[in-house]
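Record features, source TrEMBL:
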type	residues	note
BINDING	TRP65, GLY92, SER93, GLY94, ASP114, TRP142, ALA158	S-adenosyl-L-methionine binding site
Amino acid sequence: MSDSDLSEQERLDNLDPLRHFRVEDESILPSQPPSTKEQIQSFNYGSLTVQLLVDASPGCGGIAWPAGHVLSNYLVHRGPSYLQDRHILELGSGTGLVGLVAAKLGASKVTVTDQLPLLEIMQRNINLNSLGQTVVSKELDWGKELPELGPIDVILAADCVYFEPSFPHLVNTLEALSRQPGRDCEILFCYKQRRKADKRFFTLLKKKFTWTDVDDDPQSEVYRREGISLLRLRPKP
Ligand SMILES: C[S@@+](CC[C@H](N)C(=O)[O-])C[C@H]1O[C@@H](n2cnc3c(N)ncnc32)[C@H](O)[C@@H]1O
């Protein structure tokens, strides 16, 4: 997205801060508007299907966002061998979608996390997909004390950059989680560019992480046109 496009987005945000949650803005909005209440939808990623209860009432995370679909598709592209015998942690999981995809692909353990109001919908989606043996839901609020999680192999985060006051908390949480003595932890971070202010997130991130674009995703050309990037983050030594 060009700087002038971003300026226009920011001008519109100032006029109407909630506009991202309105249905008319098809280019930015996820396919489910926030009026969505207790609907069960089916999402397909390759041959894999996830049943998802979506409900916007507990907050914006109650519906599925574009970067979540991109990250889900990428996991399917990587296939089961990428996730087998690994503990996957998803941050800002909302409905739990990406974590559920990871579990369906064969991850040995998945922890989906979000703020307290989203716990119920995550748990209902775990049950709906009969994944209670593999997936647990936990409250993990960026900037607050971390719950007990055990060793983590992969951290997933989709569409978590949108609220400026959370930026430092998200960066600190990523750092605290990924610096595990004697263990390499991979972070897949899927981001949709919406506002010029997002640059501040990357300024903060740069102090603690380096990153590269994921370069083996056959769908990247399509989603990059929508302002979505899939990044692999590494903590700076
Ligand atoms: C735009 S939604 C994306 C949800 C999901 N990852 C997806 O792609 O569909 C952002 C998510 O971040 C969560 N979030 C926002 N601030 C948070 C915080 N301080 N701690 C934990 N999660 C947070 C929201 O509750 C929401 O579920």
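Including glycine, each Cβ sits where the backbone N, Cα and C put it.
Heads up, TrEMBL stuff is auto-annotated, nobody curated it.
Summarising the S-adenosyl-L-methionine site geometry, the residues cited as binding it (TRP65, GLY92, SER93, GLY94, ASP114, TRP142, ALA158) extend over a maximum Cα to Cα distance of 19 Å. Other Cβ atoms within 10 Å of the Cβ of TRP142 (S-adenosyl-L-methionine binding site) number 21 in total over all chains. Looking only at other Cβ atoms within 10 Å, the busiest spot among the binding-site residues GLY92, GLY94 turns out to be GLY94.
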